[in-house]
C-alpha cells in the first residue's frame, strides 16, 4: 500500500499511466493510455516485445492497491488492473513452465516469506499444492449452487453469471421424456433436457451442469407444460442472470445433508413436482436479478449512463409491487452477502505464483519507456 | 412473493373486466381456401360452398352467411339442397353423408348438423359397392337416391337417413328390360348421374358411366325407356318441359335425346362436339336453358380442344350465334345457373351464371348484352396477388369514405349493374357501428381498400403503385384483346393473378391518415410513396428523392436487388390516391417501418440499415440515421437473409413431417375399428419417440450480443409531441426502435404553418436508449399526463379526441419482443416493467393500443394494450400499470403466417389470415362485435307449389308471384333490398304490387 502511494509522486500526466514490468531480474518501464488500454492480447504482445521474449509463454501478474499479486490473463482483469493502478502499474512476469501459482491471491505480497520458503524448498510445495478457498473481490463469481437448504437433494439450482464476460453460456436444450411417480403410478411425462455443452463455455466450465440433466425451472418458473421454444426464450431472456433448477442425470454427486430430518422435502424426490417452496424463493431471486439489466441512456450525444429507477409515485406503488418485486441495489453484479455462494474449484481460479526474491531489490531499475 | 399471493383479485376490477373483454372469432372474410364443392338452392336462393378441410359455408344476400364444419375434416365432395326445405346434404370423401339444417334459434338462423350416415353394404361386399357417386334429393322431400360405384341405387329415407332396402334399384332389375345384345352387366357399373323428371316426380333418369341412360319409373319399379350412348357419360340435364334431355360426354360431345312414352329405345336427336373436329376434353356438366325467344342457352364446362386449349379452365355459353368460352384463372370446381325457379313458368330465362373456380367466384350476367361479370359483394379473392401486409383504419370520416367509393366506382365500370342474384335470407345484424377500412398491400405493388365495417368484406378501391416505375411488363399487354374471329372464343374472367411481374414492387408498409387523405406506402425495394387523394384524373411528375442510409459508413457492398427505375416525365394517374413524392432508400432494402405525420407533413421510414425523415411539403430530406452495427455484414447481403431463412425452413420442414404423421394417423383412424386405431397410434407414438431420441431437436441457449445480425433493423417509428428535452417545453419528436433493443429519439423543429414553406424542418438527436436485454423494439407509445396515449395527428383538430394533457408529466412506453417498460420523460428513468418472456417464455409479435368500451355503461372506456404473442395467444395488458388483464388462445402457434398477418383495430377487434385467401375476424371487446346475424325463412309450400304470402318476408314474397316474369322478379328483389333497410313504406308498396299482380 505504501509503495503504491510512493509511486503516486511519479505520476506523468492525466491520460497516461506508468507501467513497470519485471521479468526475471529485468525491469522495463513504459506508459499506457489510461482511457484506451486495448485488449489483453495486445498488452501481452507488448510485454513480450519490451522484454524481448517473443516466443516465451509467460504468466502475467500485477500488484493491486492492497498489495496483492493478482493474475492478468484476460481482458477483464487486465482492464481492472489498468483502472485500479494508482498511478503505477506493477507487472510481474514469469515463465509458464516454472510458474508458482500459489503466489496469487490475497496477502500474497505480504506473505512473501512463505513464498520464499516455498521457493527454497520446492519439493515441499509440490507435495502439498496450495489451495486457496477464498473469494477475492477482483474475481467475479461465474456460477453458484444456491438454495441447497430448501431443494430436494436430487435437484440442483445453478446460477450462471453471464455479465461482462465474453464466454458464451454454451449449452443446448432438447425435448425428452422423464418418468415421474404420480398418485396414479409411474407416468411418462415430457421434459426439457440439456443436450449439449459447448467446450469452453460457461456452462461446461462450471461443472455444475451436464448433458441429460433435466431442466425443471428457469428463474423460479416451472418449465413443465412449456414447449422447447418457450423454455429457450425464457432462458435467453434471463441469460444475464440465469438460474436453472435441474435434476442431474448423475445423482451420485448430490449434496448429502448431515441431518436427514431437516431435509424433509428431499425425502420424496420424484413423487412431487418441484415443490412450491422453491418457487417462492425463485421468484425472490428474480427480484434481485432485476437490477442487473439496467438500460443505458445517452442524452444529447453525451456519455452513456445507466437509466435510474424512478421513485415510485403513490399511484403506481400497488402495481409496482406486483411486477417488480424486490429491488436491491446490487449494481455491480456482486451478490448480497446473505446469499449462499459456493465457488466451485472448477470455475474459480486458484493459482500459485512465484515471485523471485531479487525482484524486490531492483524495483528502481530503469526500463525502456514506450508510449503507446 | 406478493405476486403469487394476489394475482389481481380485486372483485370490482374482475367485474369490470367481464364488461370490457370478451373473445370471439366472429366471421371469416374472403374466399374459402381450397373449395371442393358447390351447391345452390333456387328455393332459398342460397349458395353453399364446401372445402377440402370439411368446412361448409352458405351465402345469400350480403350479410347472410352461415358456416359449418364437418368433424371429420374430410373433403366435401358434393352438396345438395333438399328441394323446398331449409336442409342440405353433403357427401364427404370418406363416403359419409351429412344432413344439415337451418333452424331458427333466438331470433336468428343457425346451421346445424342433424344426422350423419355412411352407406354400408352387406358383409363381405367390396367398398366400391357402397361408394356414393351421385346423389338425388327427390322433390317429395322424403327420400334421397344414392347412385354408387357398383351401379346400385340406394334409397335413403329423410330425415332419418335410413336405407329403404326394398326400394334399391339394382343393375339386374335395370337389365331385365333391356335387350341383351347391346347391354351387359358392365353397362350398369358406376352411376354417373341421377336426374328427376321435371314434370313427373315418379320418373328418374339414371345415367351410367359407360353411356347407358335409363328412364326409371319409380311407381312400377321398371325402366320405361333406355338410351344407348356410345361415349362415356359425364352428366345429364333435363329440358324444362321434360320432353328432351341432354347428355354430355368424356370426348367433348353433347347429345340431345327425345323422351316419349311409346318408344322404348330412343335414338339421339342431335350429337355435337362444339369444339371439334380435333379430340376434345370432356364436357363435365351441361345446362340447357329455354328462353321466350326460342333460342336456348347451352352452357357447359370443359370440352376444349385437347391439344391446343386442353390446359384452359373454361365454361362456354352458347346462345344462338353468340358464343363465349369464359376462361377462368384457375380450375373450375363447379357452376350453376340462376334461372326462373317458379315451376309454373314456361321458360327457364337464365339470368346469371355462377362459377366457383379454385381461387375465386365469378358471376356472369346473362341478361345484359356482352355478358358482363357481376361484382360480388362477398367472397372476394383477397389473394388475387399475395397479401404482403395489412393496415386497418377505424372510424373513417364520411367525406373520405365517399371519395374512396367514388374513386373505386370509376374502376368498376366494366361490371354489370345487375343486383346480386344470390339474395336469400335476411340480414338482421345491426348496422355496423362505424366505417372501417382494411388496406391490404400486395406482392404486385397494389393496395386494396376493403370495406371492413360489416360482415361482408367488400372491395372499394384498388390502388396500383406500378405506374410510377419502369418495369419489364408492358402495361398495354392485355390478355383480353382477342380478335373477332378467334376460335374458340375465349374470354378471360376473374381477377386472380398470383404472378408478380417484379417482386420489388411488393408493398410492405401502409399508413393512411383518415383526416387528411394522405397515404404513405412503402415497398420491397426501399421505395416510399406519399400520395394524396384526388377526385379527378391527373397527369403530373412525381418528385423523386434518394435517401442514402449508409451515409459515411465505408466498405459496405449491397448484394441484394437493385432499386426500381422510375419513369421520367409526367405520369397519368386515375382518380384516387395519386403519388406526388417518391423517396428511394439506398441501399434499396425492404422498408421495415413507416410513419406519417399529416399535420407536420413529415414521413419517416426505416430499413435494415437505418431510418430517415422526409419533409413532403418542402420535398426535402430532413435527415438520415444509420443504425447499422459495424460488424453486421449480413444486413448488407440482401433481402432478409439466407442464414435465418435456412434455419426457419429447416424448422418448418420438421414440423411438416410431424404434421403429416399426425394427419396420416387420423386418416388411418377413420376407416378401421377401435383396436386397430389404438394399435396404430401406439406404434406411431413409439416411432415418433424413437425418432425423437435419434435426432433430438436442439435449441442453443445464448445471450444476445451487440454483434448479432440485424440489430440495426428499424422495427418501429413513432411521431410524438412530447417533453423530450425539458419538462417545461414540449416539441415534435421522432422515435425509432431497432431490432437490437435501441431506441433513438430525435427532437424536431417544424416551422409554424405560415412559414412552413420558407424554413427548413430541423432534427437533432436528443436521446438514445439501449435496452440491456437487447430484444427487438416493436412498439413505442407516449402517454400524456392522464396516462392516455397521445392522439393521432389531426385527431384533435377534427374534434374527435380530447387534446392531450400537456400539464402532467409524460411517460414513454417501450415494448420490446420480451418486455414492456415505462420510462419517465423528459429525464429517462425506468418506472415500471413487465417481463413477459422471462415469465412465460412467449414473445410479443404484434402490439396496439386499443380502446375498450364497457357493454354495460356507455360512458366508461379505457385504453389497454392488445398483444399477440409468438404462441398465438392474445393478451390484454392494462395501461399505464402494465398488468395482465386476460389471455385468450387465438392462433395455433405453428401458424407462423397467421401470426405474422394479424392486425388489431383501435377498438379491440382484429384480423388474421387463416389461409392465403381468408381473413378471420375476431373481437376482444364486448362492445364492438361484427358477426353475421341473419334469418332464412321457410316459406310455406302447398301441394300445388303456390305459396301463401303470410309473413311478408322476402323469399315468400318472391315465390308468391307466379306470373311475374324475370324482370319483375328482379325489380321486387331490388325493392326487397330496400325493405331490408326496414323501410315500412317500401314494404307496403311491395305488398300492394304483389296483390295487384294476383
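Don't overthink the numbers, they just go from 1 along the chain as shown.
Using N, Cα and C of the backbone, Cβ positions are placed for all residues, glycine too.
Looking at B:620-639, B:640-659, B:660-679, the stretch flagged in TrEMBL as region 'Disordered' turns out to be B:660-679. The stretch that TrEMBL tags with region 'Disordered', taken from the ranges B:916-944, B:945-973, is B:945-973. Residue counts for the repeat 'WD' (B:69-103) under DSSP (helix as H, G, I; strand as E, B; rest coil) come to 0 helix, 21 strand, 14 coil. Across all of the repeat 'WD' (B:433-451), the predicted model scores a mean pLDDT of 93. Under DSSP, the residues of the domain 'Lethal giant larvae homologue 2' (B:272-372) split into helix, strand and coil as follows: 4 helix, 48 strand, 49 coil.
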